[in-house]
Amino acid sequence: MSSTLETKILPVKPESISFENAGTTLTITDPETKQNLEYAADILRNTHHAVGFPSETVYGLGASSLSSESVKSIYAAKNRPADNPLISHVSSIDQLKRKLMVPGQEIPEIYAPLIEKFWPGPLTILLPMPENVHDSPISQLVTSGQPTFAVRMPQNPVARALIYISDLPLAAPSANASTRPSPTTAAHVYHDLKGRIPLILDGGPSDVGLESTVVDGLCDPPMLLRPGGISLEQIKQAGGPRWQNIVVAKKTAGKLEPVRTPGMKYRHYSPTARVVLFNNCGDGKEKVKAYLEQNNLQNKKVALLKTRRFAPANDISPLISYDGTLGTSGDEIQRNLFSALRALDAEEYDYILIEGVDETAEGLAIMNRLSKAASETING
Ligand code: TXA
Ligand code: MG
């Protein structure tokens, strides 16, 4: 793909968009928002280019799930390995059935309570591909040869309106360059993909701040393939009896191992700085100080990102030149995580020392992303 496209950033107002009748009726009160959404939808319908758009989890890079040429431009813009399948995004159940499922195919009953509770929202489910994959309208580049396809209905009105207006299910990974932290603002997308895509819709920062939860209800017991915006506890609570035995997939997989979620084997979420994760290290005074001394970081630019228990940087070591906090609640930590990593990278920090959290509630997804971003983990 050409790397000399002019990348426009156009504003859209999420609060001017509303849906009714199970996502089949759309109203947009702000004329500029309507015009910019229609412009984006035209690009998706009439070219093979991918478009950057806001979602409640992270910004996505979308193109039609039904066109291999369009899907290729996503992989090319991100520089993403082609064996890592993509999530298709729909604006309504009606559209999911019309555009992605084969005649007579039903959504498996096991998903009913989760769809009822969490759609639209940050939950992705796996649905079966037909036995003969050529019967499916979905490009095989979306599924990378998996016997299933992944789908979610985003809650962000801009994302949903773009899908509705184009009437295309959008394959959309996070709109970062492969291996970089996921983007939570239009500026992050521009930083990574300028010159590679024609348009980014700017709808303000993402609410959740990290990606959707991916679940597989087609196997027994069901599996949590990627922790994300909906917690394991929420799934068990809303899912009813069949989701009580849900198993959390292994965090990492070897390069040659066949994996359930191919994304798990790649380097991820990494800023240029070296990220060091501190687990169960109390107020941090002992372990962080020892780390700084043992690694001779006197001449390095070192940042600290605290969560719940760490002492102020001043009380830990004079070698730390940035004292930041990600927040104390799970929501705040999720929302701030990727943008904090990007901001410190922009300031050319050499080391980012991060205080981990317990793996309960939002903590499971937070620690999943932090351990992938980290080159090293220190345990207390
Ligand atoms: O919140 C999100 O999910 C964002 C926004 C843009 O919607 N998208 C996102 O996409 O995070 P991506 O491509 O970065 O992550 C998709 C994840 C990967 O871990 C991939 O391996 C997994 O979903 N996945 C997709 N299709 C799959 C399938 N058929 N079977 C197993 N895992 C699948
Ligand atoms: Mg991603």
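These residue numbers are counts, starting from 1, taken along the chain as shown.
Using the three backbone atoms N, Cα and C, a Cβ is placed for every residue, glycine included.
For 34-230, the entry in TrEMBL reads domain 'YrdC-like'.
According to its DSSP assignment, His89 (L-threonine binding site) is in a strand. Around the Cβ of His89 (L-threonine binding site), a 10 Å sphere holds 29 further Cβ atoms from the protein chains shown. If you look up TrEMBL, you'll see Thr57, His89, Ala172, Ser182, Ser212 marked as L-threonine binding site.
Arg80 (ATP binding site): 20 other CB atoms within 10 A of its CB, across all protein chains. Summarising the annotation, TrEMBL assigns ATP binding site to Arg80, Asn84, Thr148, Arg152, Ser174, Arg226, Tyr269.
When pLDDT is averaged over the domain 'YrdC-like' (34-230), the result is 97. Proximity to ligand 2 at the level of Cβ atoms, with a cut-off under 6 angstroms, picks out Ser174 from the binding-site residues Thr57, Arg80, His89, Ala172, Ser174, Arg226. The most densely surrounded of the binding-site residues Thr57, Asn84, judged by C-beta neighbours within 10 angstroms, is Thr57. Compute the center of the Cβ atoms of Thr57, His89, Ala172, Ser182, Ser212, which mark the site for L-threonine; besides them, the chain residues with Cβ within 8 Å of that center are Ser55, Val58, Gly60, Ile87, Pro122, Thr124, Arg152, Pro154, Pro173, Ser174, Glu211.
Of the candidate binding-site residues, Thr148, Arg152, Ser174, Arg226, Tyr269, the one lying closest to His89 (L-threonine binding site) when CA atoms are compared is Arg152. Comparing Ser212 (L-threonine binding site) with Asn84 (ATP binding site), their Cα atoms are 16 Å apart once rounded. The distance from the Cα of Asn84 (ATP binding site) to the Cα of Ala172 (L-threonine binding site) comes to 12 Å.
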